[in-house]
Structures are given as structure tokens and as C-alpha cells.
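A.B. asks: Before we start, here is the structure in question, set down as C-alpha cells.
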């Protein structure tokens, strides 16, 4: 049997959506966590800790909540949009769950076990340099040596990585927004909802940007045709699986988002939620009763990069196409072009971590 999503983790996640006994019991620890986070952030802003300024604009895509909000598809969409705008973006990520001794380039032929599932997905979906290492500043500097033509950096999931100065911050949420609005461990927040940012991006198909909420934009994930894992040349619409016995499996931060999208396409799948970044070293389908009974097994692109060794014609991969409000794309493009210098110099380590262009900060709360 596969490793199930941890019962304790599911319990805590559910508690984070309300202000019940758990939230109040954890509140003293949240106050301490908030104090430490505030001191750390202000310490970088005031120059108490060293940070690195790159010779190019840095756009950060991250979240103030724990868990997946759709950052990877957002980075993919932004990389594609900036490339279409004539810019030359590069992407730096941490490489979650991978032990790295030095910065490593992610190629489309890389293995997820060597570079991480999300960076590999970005590398395969875009034609931009992608590098991984926990020290994002060093990683970016190393990338620039190999790719000196890069003139804008996308920092994947680096909102709290203040060692690298930034020029534009995007804070992402999904339909869960900020939960109960409390900091860890009483709630899901790493930082307060009121944290300043340049833009708020809501990954929710029902969200609509309106003039009374400036700085807030929407993103939706549209299902593309599914392709067969054993033979990627085989493709068909997801709706073609309607009426079949379908098992949907997902090892992502919010599996229910994937399951709901399949239901929206007319499917009634059995579901198998797996831990985020599940490594698929053990085959979760080999003795699972719903898998044994299924005609079709649907998985995400993020999981597919770790399932390539599986030889099961029932497994189909469901890609998603991220669509971001054009207003955010244009706002980022203007901010980036305003920062690009004609003759960049070598990156340098300087005191002070904010390094942010306050002209673009709107301070818009998320909720």
C-alpha cells in the first residue's frame, strides 16, 4: 500500500481553516513565531544581515501560507510570457527534497531525484535556464556565469529567502486563501496577510479581478489533452474518460484541486491523495484496491516526472495550462523593463536585504 497522506497533517490542515480550540491553544507559539519572523525580515531590510543584489531585476513568486498554491505553473506562465515579451528569463529554485552540494542546472533530461520534481517540470515546459540550490543567491550567480544573457530572474518559492534581494514580489493564494488568518502553528501563515507585496495572485477559477481590489489578479489552470505515460504520442481529451472507472492520484500540495478539475470535466474518479512531493519509489498502484479495479489512472505532470519507469498503459498524465490575468503580466513587464540596465555589472554581496523597488509595492492585503 502507498504511504497515505499523514492523518496528523490532514487534521492540522483542517484546523487551520477555522479558529477553534486548536488555534487558541497554539496562539502563544504563533506570537513567538511572528516575532521571530518580523525580526528576521526587518533585520535584512535594515542591513543587519548580508544579502545579494543581482545585476538584473528579480521577480519572486511565493506564498505566505504553508502548502501548495500553484507556484510552479505560475512560474512557467511567467517565464513564457516574459520570453514572448523579448526578455531572457532564468529560473532559480530550491530543489525540494534533493541533496545538493553545489548549484546544478536542470535539463529536460534530468531526473527528478537529482534536481526536484517542480524544477524539472519548469525546465521541460519552458525554454529558459533553470538552476537549483538552497542558497538561491549563489545559485543565481552560478547561473549567470553559464548564461550571461539572462536579464531577468524568476525566483520560484523564494518569498522568505531574503538573502537574495528582489524587485517585484508576487504572493500566491488558492481558494483556501489565508485559512483562519493566524500565523504558524495556530494557522497556515508564515507571515501576516498584511505583508506588503507588489501583486497578489489568486489561483482560483472563480476569482475575478475587479477595480476595487487593485493589485489582485487571478490565475486558472485549464486542462489540456491527457497523454499516455507508456506512449506519450497517444493523447485524448480528458472528457473521453467519462463513464470509465477512473482513479485519480496526486502527490501535490492540494490534491483536491486536481480532483475537482477532473470532476469539472465530467469524470467521477475514485481519488488517491498522496503526500506532497511523493517520490513514487514504491508503486502506489500495485496493490491498491481502487487501482486494481480502475480502467484508467490519471496523474499530474508533477508526478509524471517521477513515474517514467512505470509500464502501465492505464496511466495517463493530465497536463494543465496556466492562464494569468494579462494585467499582471503587463505590470511585471513594465517593472522589469524599468529596472534593466544596458550594461550590467557582476553580482555583489551587500548589506541590506530588501533591495526592493518601493515604487511598485502596493501593500495590498490578501483577504
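Backbone N, Cα and C define each Cβ position, glycine as well.
Swiss-Prot lists these features:
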BINDING   65, 66, 67, 68, 69, 70, 71, 72  ATP binding site
COMPBIAS  343-355  compositional bias 'Low complexity'
REGION    343-367  region 'Disordered'
COMPBIAS  356-367  compositional bias 'Basic and acidic residues'
A.B. asks: Is it possible to get the count of other C-beta atoms within 10 angstroms of the C-beta of residue 68 (ATP binding site)?
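C.D. replies: A 10 Å sphere around the Cβ of residue 68 (ATP binding site) contains 21 other Cβ atoms.
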A.B. asks: Radius 10 Å, atoms counted are CB only; among the binding-site residues 65, 69, 72, which position scores highest?
C.D. replies: 69
A.B. asks: Around residue 71 (ATP binding site), which residues of its chain at least 6 apart sit with Cβ under 8 Å of its Cβ?
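C.D. replies: Residues satisfying the criterion: 61, 62, 63, 118, 156, 157, 172.
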A.B. asks: Translate the DSSP assignment of residue 66 (ATP binding site) into the three-state scheme.
C.D. replies: coil
A.B. asks: For residue 70 (ATP binding site), write down the residues of its own chain that are at least 6 apart in sequence and whose Cβ falls under 8 Å from its Cβ; none is a fine answer.
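C.D. replies: 172, 174, 203, 219, 221, 257, 322 - these are the non-local Cβ neighbours of residue 70 (ATP binding site), listed in sequence order.
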A.B. asks: Report, as a single number, how many Cβ atoms besides its own are within 10 Å of the Cβ of residue 67 (ATP binding site).
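C.D. replies: By my count, 16.
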A.B. asks: Where does residue 71 (ATP binding site) sit in DSSP terms: helix, strand, or coil?
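C.D. replies: The residue in question, residue 71 (ATP binding site), is helix (DSSP, three-state).
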A.B. asks: Counting only residues 6+ away in sequence within the same chain, which have a CB under 8 Å from the CB of residue 66 (ATP binding site)?
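C.D. replies: 16, 184, 188, 189, 190 - these are the non-local Cβ neighbours of residue 66 (ATP binding site), listed in sequence order.
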